[in-house]
């Protein structure tokens, strides 16, 4: 019973900290050019959506390449020194993370990252869901 009470208190505190969460939770970092070639469409410039709002995903989201072209809506939940901006950003998957191990669940283009975080070098906690 004490264990359940502690769990309820912790969940309540987390709920107050990050608000309602409706999607999956992961981490995000920014990555810089060069963005080409990508695993999805090689050297094609037209693969990038308007505003350069795109991402590279870790192996867990890659789905053997089926993730190419998927769209996600994400928002910053938390990070060191309160980097989060209000609002969400819609992004398109264009690549598999090139680093091994990948530093986060999702690597956002610098433009996408700046839409949700005021700190370009931070690792942030994000909520994301497919749209």
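Indices start at 1 and increase along the chain as displayed.
Glycine residues also receive a Cβ, built from the backbone N, Cα and C atoms like all the rest.
TrEMBL annotations: computationally assigned, not manually curated.
So that you can see what the record holds, here are the features copied from TrEMBL:
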SIGNAL    1-23  signal peptide
DOMAIN    26-131  domain 'Expansin-like EG45'
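Here the domain 'Expansin-like EG45' (26-131) returns a mean pLDDT of 96 for the predicted model. In the domain 'Expansin-like EG45' (26-131), the DSSP tally of helix, strand and coil residues is 20 helix, 42 strand, 44 coil.
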